[in-house]
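Data block below; observations after.
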Amino acid sequence: MVVIRSSRKLETAFIVVAILALATAPALAQQGSVLTTLENQVVTAAKGWETTIMNAARSLFWILAGIEIGIAAVWLAINAASLDAWFAELVRRIMFIGLFAFILDRGPALAKAVVDSLFQIGAGGGSASPANIFDAGIRVASKMSEQAKFGLWEDNALAIAAVFAMIVVVVAFSLVAAIFVAVMVEMYVGLLAGMIMLGLGGSSYTKDFAVRYLVYAFSVGMKLMALVMIAKIGSIASRIVLPQGSASAAAPIPRISRSVTLSMPSRSA
């Protein structure tokens with residue numbers, strides 16, 4: 001009797017979970033738009049800091065460049081260098097400062113190009129966003145819910161498995177979407193704040209920080225490429241699970257389709 005009662009309680013619990021999962025599916029689907037709104041708010045807030053950071057980076061660059069030239073001149077004077085040595089050192093410093101001044105000026109655009117290129121490689125010419133990933137999980141879970149039918153003459157074991165699968169799918173796609181949002185925030189905020197590192201290119205002692213900014217942009221692009229590849233694979237899987245003929249089954253689930261605009265805030269003139 002104890003075993004029978006326990007099994008009935010367990011079955012009742014699964015029925016309740018299934019009902020809740022089915023009832024909240026449309027509400028969860030609407031959360032995809034929240035991710036899009038969050039991304040847009042981050043982009044808008046980040047653009048407000050662009051001019052301030054770039055002005056600070058330029059000031060830092062030319063201060064360090066002046067110190068670099070001053071130190072070089074002092075060492076040449078101490079060593080009583082010839083006119084040829086002075087000229088050679090001047091040309092070398094001009095080339096060094098000119099190179100990193102170009103990186104300072106075009107660094108944000110170069111970082112954008114790196115991230116965009118890696119994104120296009122991962123997307124294969126398509127598009128993806130956190131909302132797309134989340135909605136794909138909801139569509140797959142909605143299709144699985146058709147198998148969650150409890151009753152005296154129904155296959156309750158299959159229904160329980162379907163409920164577990166729905167939960168796993170929603171959680172998995174939600175995690176991927178959350179990671180996607182985190183990487184997008186890192187791209188907009190991290191690369192924008194990292195512009196100050198370009199100002200450190202004015203000195204030969206700190207130039208490595210400016211180079212690391214471009215390396216950091218490459219690492220962010222690699223993360224996006226991997227996540228977009230996961231999103232594309234999930235999209236293909238969802239199309240397999242949801243064939244064209246069963247599109248009406250997922251009709252209550254809103255589908256948000258928006259391309260990811262991988263662009264750093266435009267550089268101020």
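Cβ coordinates come from backbone N, Cα and C, glycine included.
Database features, via TrEMBL:
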type     : residues : note
SIGNAL   : 1-29     : signal peptide
TRANSMEM : 59-78    : transmembrane segment
TRANSMEM : 90-109   : transmembrane segment
TRANSMEM : 157-181  : transmembrane segment
TRANSMEM : 188-205  : transmembrane segment
TRANSMEM : 211-231  : transmembrane segment
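Between the transmembrane segment (157-181) and the transmembrane segment (59-78), the number of CB pairs under 8 angstroms, six or more residues apart, is fewer than three, so the stretches are not in contact. Long-range contacts of the transmembrane segment (211-231) within its own chain (CB-CB distance under 8 A, at least 6 residues past either end) are made by residues 103, 107, 110-111, 114-115, 117-119, 121-123, 128, 132-133, 136, 176, 179-180, 183-184, 186-187, 190-191, 194-195, 197-198, 201, 260, 262. Panel annotation: around the transmembrane segment (90-109), residues 54, 57-58, 61, 65, 68-69, 72, 191, 195, 198-199, 201-202, 204, 207, 210, 213-214, 264-265, 267 of the same chain, lying at least six beyond its termini, place a Cβ under 8 Å from a Cβ of the stretch.
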